[in-house]
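What Swiss-Prot shows for this protein is this:
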{"type": "ACT_SITE", "residues": "Cys186", "note": "active site, thioimidate intermediate"}
{"type": "BINDING", "residues": "108-131, 216-239", "note": "NADP(+) binding site"}
{"type": "BINDING", "residues": "Gly181, Gly183", "note": "K(+) binding site"}
Amino acid sequence: MRIEEDLKLGFKDVLIRPKRSTLKSRSDVELERQFTFKHSGQSWSGVPIIAANMDTVGTFSMASALASFDILTAVHKHYSVEEWLAFVNSSSVDVLKHVMVSTGTSDADFEKTKQILALNPALNFVCIDVANGYSEHFVQFVAKAREAWPTKTICAGNVVTGEMCEELILSGADIVKVGIGPGSVCTTRVKTGVGYPQLSAVIECADAAHGLGGMIVSDGGCTTPGDVAKAFGGGADFVMLGGMLAGHEESGGRIVEENGEKFMLFYGMSSESAMKRHVGGVAEYRAAEGKTVKLPLRGPVENTARDILGGLRSACTYVGASRLKELTKRTTFIRVQEQENRIFNSL
């Protein structure tokens, strides 16, 4: 046993220090990034935000809606090949190039993903997702996927430390998904005691990944557009959002009614709700590591997308970044004990 003495930070522990700016308007900020990925060699341009691969967020409807903002969607792994075929046949290439095909690490997952990727060459992204990316089996699966799909851009995770970022990139991942326990409906940290404050994880993993020519996506922990800006400021190439995009018409959650008011269910993918829906229940050897919440219906996701992008543009103007690419170089974090004046939050 050992203790690391240095303090690790989450998004709530910092603010971004403002700096002189020559920008006259938020409209002067360019949020689109252009990437060429290390292993696949593929080039992509767009806004580097990703809707999370949860079945109450990462739906076909969400992908269609967010593609108009140049935002990616990691479509959840529980759609059938037949459902994928119908979606591909009814969608334009502009939509499909903003889609990630999500998969687990079983042999059945691999075969299913192979069939989905064969439906249309515009499906260029694969998101290999497990809760614990530290297992040897996971690393081997990433290598297997890279060998099978040499020209596909592979996103793999989740991990929170630099050495595993390096391991996954060397095994074939183009993008490493960073985050254990920060999600709004994730209870891993309280069920297991395992985790890592998200901002520190992003900073450390970005440093490791960029040294090898790889990239990272910050997955979890964002509750406001300001948190998204902090993730990019900390070095994230992409930011994945779950709770911020939940509860919308496109989110896919089941709608329930209480006292005449309608709510949408949103749950973690290791929750009892998710396991009952997809695998028949919680296995006797494990505990649920997610919770289920009821969210008031939030309408179309386009309004939320505009709010997030607007906040991100504003953050860039405060530090003089004319492009999102410049935000990391212009970010200085200050440690704080308060984020906002909360006097009217209960009203």
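Just so you know, glycine gets a Cβ as well, placed from its N, Cα and C.
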Could you tell me the C-alpha distance between Gly234 (NADP(+) binding site) and Gly183 (K(+) binding site) in angstrom, no decimals?
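So the Cα of Gly183 (K(+) binding site) lies 18 Å away from that of Gly234 (NADP(+) binding site).
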Please list, in sequence order, the residues in the chain of Lys114 (NADP(+) binding site) that are at least six apart in sequence and whose C-beta is under 8 Å away from its C-beta.
Ala148
Please report how many Å separate the Cα atom of Val228 (NADP(+) binding site) from that of Gly181 (K(+) binding site), as a whole number.
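Approximately 17 Å lies between the Cα of Val228 (NADP(+) binding site) and that of Gly181 (K(+) binding site).
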Here's one to test understanding: among the binding-site residues Ala108, Asn120, Val126, Ile216, whose C-alpha is closest in space to the C-alpha of Gly183 (K(+) binding site)?
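Closest by Cα: Ile216.
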Specify the nearest of the binding-site residues Ala108, Asn120, Val126, Ile216, Cys222 to Cys186 (active site, thioimidate intermediate), where nearness means the distance between Cα atoms.
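That would be Cys222, nearest by Cα distance.
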What is the number of other Cβ atoms found within 10 Å of the Cβ of Gly234 (NADP(+) binding site)?
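Neighbour count, Cβ to Cβ under the 10 Å cut-off: 28.
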If you count, for each of the recorded positions Ala108, Val126, Cys186, Cys222, the other Cβ atoms lying within 10 Å of its Cβ, which residue has the minimum?
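So among Ala108, Val126, Cys186, Cys222, the recorded positions given, the one with the fewest Cβ atoms within 10 Å is Ala108.
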Who sits close to Ile216 (NADP(+) binding site): which same-chain residues at least 6 apart have their Cβ under 8 Å from its Cβ?
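Within the chain, Ile216 (NADP(+) binding site) has Cβ neighbours under 8 Å at Cys165, Ile175, Val176, Lys177, Val178, Val202, Cys205, Ala206, Ala209, Gly235, Ala236, Asp237, Phe238.
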State the count of C-beta atoms found within 10 angstroms of the C-beta of Gly181 (K(+) binding site), not counting that atom itself.
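By my count, 24.
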If one looks at the chain holding Asn120 (NADP(+) binding site), which residues at least 6 apart in sequence have a CB under 8 angstroms from its CB?
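Non-local contacts for Asn120 (NADP(+) binding site): Val88, Leu96.
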